[in-house]
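A.B. asks: According to TrEMBL, the record shows the following:
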type	residues	note
ACT_SITE	E380	active site, proton acceptor
BINDING	H379, H383, E402	Zn(2+) binding site
DOMAIN	87-272	domain 'Aminopeptidase N-like N-terminal'
DOMAIN	307-524	domain 'Peptidase M1 membrane alanine aminopeptidase'
DOMAIN	605-916	domain 'ERAP1-like C-terminal'
SITE	Y465	site 'Transition state stabilizer'
Amino acid sequence: MSLRLIRRLTHLKPSINSKLYLQLSSKFAIQKHIVQPLSHFCKFEYCKPSVLKSCIIAEFPRRLNHQSTADMPEAKPFERLPQTLSPVNYNIRLKPNLKAFTFEGSEDIDIEVVKPLSKITINSVEIEVQEVSYVASGKSDTVKGTVSYNKEDETVTFTFSSEIQPGKGRMSMTFTGILNDKMKGFYRSKYTSPDGEEQYSAVTQFEATDARRAFPCWDEPAVKATFDVTLVVPKDRVALSNMPVKSEQVYEGDNKWKVVSYEKTPIMSTYLLAFVVGEFDYVEGKDADGVLVRVYTPVGKKEEGKYALDVAVKTLPFYKDYFKIPYPLPKMDLIALADFAAGAMENWGLVTYRETALLVDPKKSSAKTKQWVALVVGHELAHQWFGNLVTMEWWTHLWLNEGFASWIEYLCVDFCFPEFDIWTQFVKNDLGRALELDALNNSHPIEVPVGHPSEVDEIFDAISYSKGASVIRMLHDYIGDADFRVGMNAYLTKFKYSNAFTEDLWEYLGKASGKPVAEVMSSWTKQMGYPVIKVTEKQDGKNRVLSLSQEKFCADGKKQEGEQFKWMVPLSFCTASSPDKPVKKILLDSTTAEVTLENVKPGEWVKVNCGTVGVYRVQYSSEMLQSLITGIKDCSIAPCDRLGIQSDLFALARAGLVSAVDVLKVAEAYINETDYTVWSDLSLSLGTQGLLIQSTDATDEMKAYNRNLYSKVFQSLGWEAKENEGPLTAMLRDLVLAKLGRNQEQSVVMEAKKKFLDFYNGKPLSADLMDPVYVTVMSNGDEDMFNKMLELYDKADSQEERNRISRAIGAVKDEALIKRVLDFAMSDKVRSQDTVFVIGGVTGSVKGREMAWQFLKDNWTKLHDRYEGGFLLSRLVKVTTENFVTEEKAKEIEQFFTDHPAPAAERTVKQSLENIGLNIEWMKRDKDAVSAFLKSRNA
């Protein structure tokens, strides 16, 4: 056991670090001794004993049992800022220069000093402090300080000429910084004005640890304070911050500038502060409680903000009623930014978005876009309570912040827009993503101890978001909505304007429900992975008796020797007589169990995991699966359960636990399917298998298989929308046409080309048909079609349309055109935030994957510098590496990243290599049988 693991416990009191290291290292040889020195852990100054105990008991033995010391990543040594003083209020004044890309700043920080000190260390990056001073409250003597920087620790230290005594005082400083082009901190965002001029905004993105790039501060979520913000900006620019404007006046000495001051914020964390300076229009409204809501758009695009405004004014009252706590601020601004790395950011009272996550063109936006905007707005506004009002104590608890918002956004959208049937889509979008990633040996627990801030970006992934959301959904179902609401209200009320740990929420939900919430949830958050529930059945008179067992599900189907994983699993069961409501619920807290379901007739299907709410796979006996196929064919099984059955089967087949051929046979039972989300997830499963088939001689046969499977639903949908059809029908048509186009259904290809040329020549094309038409034309097109598509890109007046085109052009098959797509991705025509997705677009073919990987290697320095330390780098690595199928390629990728380290993507590289290994095993095991099956189907 290496001591580097102890450094990942992030709340160590610096004065006892060395003592604890020595003490713990002497105990680690014997596992049972890990929990003995708890009295020493309880001396940690910033962490509750209960929190540390759960971390030690759950995390350290897991690592000892299942991970060798050599496999553990080396964590950077890290200590949080000294707690000898704390900020009370920041008075910040910033003047950004939108031409030189710099800013001038000054701040007065009211602080409370706990112990005598002569040095003050706070966070700061790429900021030059000109002068700093301190004056104690009630005193007139000002103490000057000298300045030194620690680039590695991202800190600045002020050393004062005389000792500062305990009490209140004010630290003042002036500084300068840069408006960077990295989409983090205080940065510049390029846009084109309505008259065609290139212009810049100054905007912010502070989460997780980039407020320190805008002003020196205590940039840790637990160190909260209030903020008085003043911005000095050109008089013709809009200037926004978290709070309403308090005053606006002409800048002294230059009437081309104005000084805008804002009301004092509530007590909040630095990462939630925000400033925006630029040219914007807005639409506004008030919610049912009178809160002023504005949606800021690019100039001339106010109409595109109305949909998000409608969502926001419905959403704020929904959360107020759900949490039984009013929205805490007097206004809510939502703003679309030209350059933004993430989808959106929940800054308190000023939420920032990518344009495609906020703007909806009433005439040109698809149903998919509207649904996406509704979900993102729901997610960010949920954070105004859960994350902003009550904040995680440290980044270790990021998963709860993001997982909760990723769950409740669906609850909100289901309330506002029931026509989306959004919970079925949750099973695909979040639960499915989580189960796929978490089956890997290179996954991680939901709750990961985080030390150095550089480790934070690595956990902005599907485990923190999607698995986090999935276990919250499972918990909500387990304790019931009424008790969940009571517990949430008590939690938010207790910790409002302060910080909390994951265990605090479990405590209040446990009190509200009377159920062992902390014990159940620890089994899901502290250990990596999830179980597969294996089930067999026998008839006993009028009853059905199920034999159940649980074991860890691994993507490779293998068990690691000595594994001791066990979950407390909320299980539910539905039957043909009760397909929508569970006939029984239990908590499986052992490795095996027997369950009796009463009054189940012989031959009647039984499904485990009713509603596909549980975070686990299910492996049925062949007899049980055969009866479920009947329920799939006649659609008597609920959509989310039809989805869950095939998702589990494909995962089991990839792990080698069931026959890949048999799964393709089961997929044919979905030929009568009419539900968009079921088709969407089945298409994803077939697409994953199709990528492997591309490396066999059965590619054409796989296309024929797909054409046959989608033919019936295509006949019912056709090309044109029916009167009064819902958004899910439009989304299903989009999906089916795109699949048939990619699989060279000639009638679809011909009609798509016709519609494309008509559109190119000025005829309208439905927004819901643009995606499938573009993809079909590009996957079956030539250079002339490609050039026409780029012309449409240049003429496009919305980012949604540019994204639609830039992702579709990667479907081209010609090698010369693939090269043009890759070059286009790095051109000035593509925003930095979108380059990754354009490159990823070419990876749907064998040749495209080879060329994208080579392109990554050839441009590594430029791409790494552009995305260093951000999650986009991980995305880029993932899409360009994970779908190869040979040992040679795996070795090549491993060697490249050994020679070109990318710490922020280290886990992603390992996951990609593991996925390649799974692909290799599938090819060895299933390639011949699947190829023979496909050929026999099309003989």
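From the backbone N, Cα and C atoms, a Cβ is placed for every residue, glycine too.
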A.B. asks: Near the Zn(2+) site, what residues other than H379, H383, E402 in the same chain have a C-beta no further than 8 Å from the centroid of the listed C-beta atoms?
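C.D. replies: Output for this site, in sequence order: E346, E380, A382, F386, G387, N401, F404, A405, S406, E409.
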A.B. asks: Sequence order is fine: just name those recorded positions in H379, E380, H383 with a Cα within 10 angstroms of Y465 (site 'Transition state stabilizer').
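C.D. replies: Of H379, E380, H383, within range: none.
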A.B. asks: Can you count the other CB atoms that lie within 10 A of the CB of Y465 (site 'Transition state stabilizer')?
C.D. replies: 23
A.B. asks: How long is the line from the C-alpha of E380 (active site, proton acceptor) to the C-alpha of E402 (Zn(2+) binding site), rounded to the nearest angstrom?
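C.D. replies: That comes out at 10 Å between the alpha carbons.
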A.B. asks: What count of other C-beta atoms do you get within 10 angstroms of the C-beta of H383 (Zn(2+) binding site), across all chains shown?
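C.D. replies: Other Cβ atoms found within 10 Å: 25.
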A.B. asks: Taking every protein chain in this structure into account, which of the recorded positions E380, E402 has the most other Cβ atoms within 10 Å of its Cβ?
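C.D. replies: Highest number of other Cβ atoms within 10 Å: E380.
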A.B. asks: Taking the Cβ of H379 (Zn(2+) binding site) as centre, how many other Cβ atoms lie within 10 Å?
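C.D. replies: Its Cβ has 27 other Cβ atoms within 10 Å.
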